[in-house]
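Chemist: One structure, pasted below without further comment.
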Amino acid sequence: MPSRKFADGEVVMGRWPGSVLYYEVQVTSYDDVAHLYTVKYKDGTELALKESDIRSQSSFKHRKSQSSSGSPSRRSSSRSRSRSRSPGRPAKGRRRSASQSREHKDDKKKIIQETSLALAVLILFKPSENNTKRYNGEPESTEKNVTSCIILEQKLKPDLEVKRVLEQYSLRSRKDDEKTEEIFSEKKTFVAVKPIEKVPSKTKELEFGGRIGTFMLIFLLPATVFYLLLTCKQDDPSLLNFPPLPALESLWEWRVFGVFLLWFFLQAVFCLLPIGKVVEGLPLSNGRKLQYRINGFYAFILTAAAIGVLLYFQFELHYMYDHFMQFAVSAAAFSLALSIYLYVRSLKAPEEELAPGGNSGYFLYDFFTGHELNPRIGSFDLKYFCELRPGLIGWVVINLAMLLAEMKIHNLSMPSLSMILVNSFQLLYVVDALWNEEAILTTMDITHDGFGFMLAFGDLVWVPFVYSLQAFYLVGHPTTIAWPVAAAITVLNCVGYYIFRSANSQKNNFRRNPADPKLANLKFIPTATGKGLLVTGWWGFVRHPNYLGDIIMALAWSLPCGFNHILPYFYVIYFICLLVHREARDEHHCKQKYGLAWERYCQRVPYRIFPYIY
């Protein structure tokens, strides 16, 4: 095991990723497993660098003094030595041949080209003076740019000198020279352009209570779902009225499991249809971009047509209400099997394809959070598919089944106003998500989180069976509301939806194309990562306006259920806790990612979710 070269706290020169420029950094820690140094730049940015990308300050000062000292005496002595007789050199005083003159001119052209390359690199990486309308990928420093130019010159010039001497003395065949020139040209391109591939390090900071917390959540999440559904079926659905446990054999039916499998694979077929545009996701840690087919809304239309055909042939969709617990158990069993498959296949995944947050080395933690970032079977992305298709569209189908069950059980000619509001509000939310499907590619679920038990259970069980809790509650506990109350609840939902959609659209459009003329009125704080932090619009109002819209909509979904029991409001309580957790997680992640720029942003936007409150 190689010993580390630089100590914690030592001030060294670190190479900026994707360039040949070095900046003064301080070593903060060292990863013995990945052999990476965590360094901190002067602007607060923290990055993980290889030992080969770090040099001591003394070596830089030595090179700088050599390049600036270039005294005439040294140059003249070099010229006098080059003019001495050698076996391959013509006698003194003899004129150069035409071929030698041409070689000499070619050498001058190469030196000029090399100088131009160095200047191009400096221009490319020089920070802008205007910090409010341009991204900067590196810290600002004129002195450092000069030092970097000297380093680049010292690094490239010896190769030019060696090449010129070899050509002058004809020490290689012309074929070898052409190969050398090709290799040298590729080397120059690599130095100036090719970005450094990041090697994912082990996950150091564990979330969700670490290994013990994730172990408990693997059992607690299914237990919570089953408890809510059993409680909702009781005549007195009080959270303190613990429901009796049903017989185990009554929780499983192969026919129900077959229906669930049919639903899952039907959505997979819709996802694979060659309809809809293909877009690229955000760059991964290795610079690669994955492609995604955007056809979720088409899948929703095809599903609606299929459900319409079933209803036309008098298929009893309320069958789902009668076997709701069995469907939930089937979905939980399938998500567990899928999670095991995902973890086993992740053990063979390349290191650069592992999730930043699920690479701890602890089995249970990585199994829960997801070890592989984007597991794919060919071009079929399992995580992306489960995020929106089977669970989200299934949520709408379950709500429709509850509406039909209410009409049948209570002999209604049309559903209640409360049921219509719940179905309409949540249908709008799902259709919006599918219509703006491309926006999910910028979320942490896709860019940061691995695909493990947490997302598999959340997408396939929690979303369809917990989010439909209000509709399930109204079947057994009908609630009557007046039209003025319904109108007020509708306005509340519209306000929450407007905040949610406009904030998300603002963020996604800015991430995709910050130079869009439609966003010219937005101001932002540039960061060292090349991205900007919006300080006007919704993101200048609170730090997470999309979460604010989510909470307002969740409240509007629960109000039609009345105030007789707190169970329908479990979703609101859960959603607030979830978003507060996500907000704290986002805060920590952004502070690490953006450094001092995030601190400036927090000073400009002090409120996190609720203005003037939190």
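Backbone N, Cα and C define each Cβ position, glycine as well.
TrEMBL labels come from automatic prediction, so no person has curated them.
These numbers come from a predicted model, not from an experiment.
The annotation compositional bias 'Low complexity' is assigned in TrEMBL to 66-75. Marked as compositional bias 'Basic residues' by TrEMBL: 76-97. Look at TrEMBL and you will find 4-62 tagged as domain 'Tudor'. Per TrEMBL, the feature region 'Disordered' maps to 53-109. The annotation transmembrane segment is assigned in TrEMBL to 208-230, 254-275, 296-315, 327-344, 455-475, 481-500, 521-542, 562-581.
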Chemist: Which residues of the same chain, at least 6 past either end of the transmembrane segment (562-581), have a Cβ under 8 Å from a Cβ in it?
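Modeler: Non-local partners: 228, 231-232, 237-239, 418, 466-467, 469-470, 473, 477, 479, 481, 544, 547, 550-551, 554-555, 609.
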Chemist: Could you put numbers on the helix, strand and coil content of the domain 'Tudor' (4-62), residue by residue per DSSP?
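Modeler: Going by DSSP assignments, the domain 'Tudor' (4-62) contains 9 helix, 27 strand, 23 coil.
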Chemist: Give, as a single whole number between 0 and 100, the mean pLDDT over the domain 'Tudor' (4-62).
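Modeler: Taking every residue in the domain 'Tudor' (4-62) and averaging pLDDT yields 81.
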Chemist: Please check if the transmembrane segment (208-230) comes into contact with the transmembrane segment (481-500), where contact means 3 or more CB pairs closer than 8 Å and the residues in each pair are separated by 6 or more positions.
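Modeler: No; fewer than 3 Cβ pairs under 8 Å.
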Chemist: With the transmembrane segment (327-344) as the reference, find which of 296-315, 455-475, 481-500 contributes the most Cβ pairs under 8 Å.
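Modeler: Out of the listed stretches, 455-475 contacts the transmembrane segment (327-344) most.
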Chemist: Sequence-remote contacts (6 or more beyond its ends) of the transmembrane segment (296-315), Cβ cut-off under 8 Å?
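Modeler: Tertiary neighbours of the transmembrane segment (296-315) are 266-267, 270-271, 273, 275-276, 388-389, 393, 396-397, 400, 430-431, 433-435, 437.
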Chemist: Could you tell me what the rest of the chain brings near the transmembrane segment (481-500), counting residues at least six beyond its ends with Cβ under 8 Å?
Modeler: 417-418, 421, 425, 428-429, 432, 538, 545-546, 548-557, 559-560, 562
